[in-house]
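The structure appears right after this line, and notes come after that.
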Ligand SMILES: O=C(CO)[C@H](O)[C@H](O)COP(=O)(O)O
């Protein structure tokens, strides 16, 4: 199983973003948190800023839309060239149609579930998505504590992916650190978003390597197939 570490730029210094992106060049993807102060009680940036990040980032973009009205806005992020675009299940009535639009543009399509959202209705739809993001904090802010109670849901998604023989990446986001990454890996995650744990380190590359090693050593026994960044 491939392990991916995606630093969240929510924890970066926004005034020096290009330099911050250079500090995480050994990571797999950069996790870009788009917040609208409506779907979540926090505000970051929109397509113009994400386009500039796309221009200067040394690694591909993993865009996480914590916004309402995703049917209107999500395709624009795919058109900017984002490698993956993840929208929240709670923000659309048509997740499959939206995922198909994102894939048609050329992005990987991700669906995110807040801690209180049941995965069950989505388990039969997994082939429509390239990634499932199981939130391990309430979306909106970095630096929160990992919610252990989300692990049964992660396990249920991992089991469904494996049973269906799919190559759907399982991402976790929130409170991921050297203390918690092994727990999420054991429950089936293969893609780990880490904000403060990476940007708070003196040498982010060393923290990225440590997180990757810990996740690999705790990986879920029955983990699904390899999966790699598309060329
Ligand atoms: O989506 C997010 C918040 O909604 C962030 O990506 C997440 O919280 C990462 O921050 P940290 O690793 O510091 O918890």
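Backbone N, Cα and C define each Cβ position, glycine as well.
In this view, residue 33 (active site, proton acceptor) is surrounded by 24 other Cβ atoms within 10 Å of its Cβ, with every protein chain counted. Marked as active site, proton acceptor by TrEMBL: 33.
Shown in sequence order, 8, 31, 64, 112, 133, 135, 136, 137, 139, 193 are the residues of the chain, 6+ apart in sequence, with a C-beta less than 8 angstroms from the C-beta of residue 173 (active site, proton donor). What TrEMBL lists as active site, proton donor is 173.
According to TrEMBL, the feature substrate binding site maps to 8, 64, 140, 141, 142, 143, 173, 174, 175, 195, 196. Around the Cβ of residue 8 (substrate binding site), the number of neighbouring Cβ atoms within 10 Å comes to 24.
The divalent metal cation binding site annotation in TrEMBL covers 31, 33, 64, 173.
Within the same chain, residues at least six positions away from residue 196 (substrate binding site) with a Cβ under 8 Å of its Cβ are 11, 142, 143, 177.
Between the CA atoms of residue 175 (substrate binding site) and residue 33 (active site, proton acceptor) there is a gap of 15 Å, rounded to the nearest whole number.
A Cα-Cα distance of 9 Å separates residue 33 (active site, proton acceptor) from residue 140 (substrate binding site).
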